[in-house]
């Protein structure tokens with residue numbers, strides 16, 4: 001081979017390497033369609049390949065702390081579902097942007113800044129996980145079903161590779177966080193990281209703890225706690241509650257079909273709560289369709305979300321689901337996808353929650369993971385519940401925490417903001433803090449200021 005050809009070949013290889021680097025590297029986003037002017041924070045988006053042959057490409061949004069990103073904690077955050085996009089957390093719950101619902105008259109929805117973003121004091125990776133969620137995709141048809149344990153392994157692999165690409169964050173305190181169904185997966189991710197660190201896998205992850213909001217823990221137990229919760233909140237009578245307890249023996253999920261008395265009482269219970277918004281029992285249900293989209297017969301939240309995604313029955317601006325419609329319009333816009341550097345043709349229609357994704361719920365309870373994590377590592381944990389959330393009632397969360405038999409170091413007491421009671425808290429010897437948010441719903445979006453104050457105090461090591 002001539003010297004000239006060797007030089008050409010070398011140049012070609014260099015170009016290929018540079019091209020590959022451009023594909024793998026994150027993109028810094030300074031402008032977003034719908035937001036006026038420069039973004040007032042540092043946003044990156046990108047993909048990281050995981051699994052066999054890196055066929056699974058996980059999409060993420062990364063926002064640097066607006067305070068001191070060199071030293072502030074780094075959080076990897078998972079949305080619930082399963083298969084609800086990270087954009088939900090970023091735009092509706094704990095991020096620095098949200099959709100403007102007032103005055104929308106068609107076209108691309110507008111984005112506005114929020115006042116209580118958790119990125120004011122921490123850097124956050126918002127991850128579209130599992131594959132098939134948000135903008136995450138697979139380069140080939142999957143030969144397996146995404147699952148809880150699979151998601152835990154892939155999230156650990158993602159974090160390792162992200163830190164290799166961003167070594168400046170390796171020494172930052174790292175936390176894993178999530179809400180709703182992520183309560184099943186986050187403790188398993190913590191265990192994966194712990195095992196990896198123990199085996200000396202590189203990079204070592206400077207894991208300090210985890211954060212769970214209104215977390216699912218054991219789906220049957222979570223559901224069973226709705227009956228006593230409904231009684232505590234005055235949604236069912238004393239007589240009905242006592243009859244349910246006695247006749248159904250505390251099992252309201254898998255009712256024996258021969259127990260006709262229990263089935264009849266469950267019907268009576270359904271009549272009492274069928275028009276209650278489980279996400280926040282204080283607000284009205286959206287009358288998008290009949291029968292009630294929150295009834296178990298139609299899959300609850302997933303049925304309501306399907307209506308929004310199908311455009312068959314659109315919510316009005318006063319409906320809490322209206323912003324989800326705006327998110328769908330925005331995330332499916334070609335200009336938006338181009339600015340976010342979404343791989344063209346990688347997914348079809350973007351959905352806030354992909355309820356049709358085949359998914360194996362192979363972790364029946366995350367309680368054993370909590371136990372293991374308290375033994376493996378000296379981790380801090382924050383578990384918070386809003387007292388008006390009926391999707392995952394706080395009394396079920398209190399029950400599984402109690403089952404861990406941790407000793408109490410700071411007993412039940414109110415916590416305050418501006419001398420007002422915001423909720424109640426209790427701290428345990430294993431560095432677990434439990435907190436309630438008074439008047440809140442299923443996610444932080446219903447009480448953004450209070451949720452931020454709780455997070456800010458806890459992440460800085462101060463008592464609530």
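Keep in mind that glycine also has a Cβ here, set from the backbone N, Cα and C atoms.
Going by Swiss-Prot, these are the annotated features:
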SIGNAL    1-25  signal peptide
DISULFID  84-353  disulfide bond
ACT_SITE  180  active site
DISULFID  248-262  disulfide bond
DISULFID  286-319  disulfide bond
CARBOHYD  372  N-linked glycosylation site
ACT_SITE  389  active site
CARBOHYD  405  N-linked glycosylation site
CARBOHYD  431  N-linked glycosylation site
ACT_SITE  442  active site
Looking at the recorded positions listed here (180, 262, 286, 431, 442), whose Cα lies nearest to that of residue 389 (active site)? 442
Between the recorded positions 180, 372, 405, 431, where is the Cβ count within 10 Å the lowest? 405
Looking at the recorded positions listed here (180, 431, 442), whose Cα lies nearest to that of residue 353 (disulfide bond)? 180
Those residues of the chain, 6+ apart, with a Cβ under 8 Å from that of residue 442 (active site): 179, 180, 214, 278, 279, 280, 386, 389, 391, 392
So which one is it: of the disulfide-bonded residues 286, 353, which has the fewest other Cβ atoms within 10 Å? 286
The answer, for which of the disulfide-bonded residues 84, 248, 262 has its Cβ ringed by the most other Cβ atoms inside 10 Å, is 84
Helix, strand or coil for residue 319 (disulfide bond)? Use DSSP. coil
Mapped onto three states, the DSSP assignment of residue 84 (disulfide bond) reads strand
Integer Å distance between the CA atoms belonging to residue 262 (disulfide bond) and residue 319 (disulfide bond): 35
Rounded inter-Cα distance in Å - residue 248 (disulfide bond), residue 84 (disulfide bond): 33
Can you grab the distance from residue 431 (N-linked glycosylation site) over to residue 286 (disulfide bond)? Cα atoms, rounded to a whole Å. 40
DSSP three-state call for residue 372 (N-linked glycosylation site): helix, strand or coil? helix
Rounded to the nearest Å - Cα separation of residue 262 (disulfide bond) and residue 286 (disulfide bond): 30
Indicate the candidate from 319, 389 with the smallest number of other Cβ atoms within 10 Å of its Cβ, considering only these recorded positions. 319
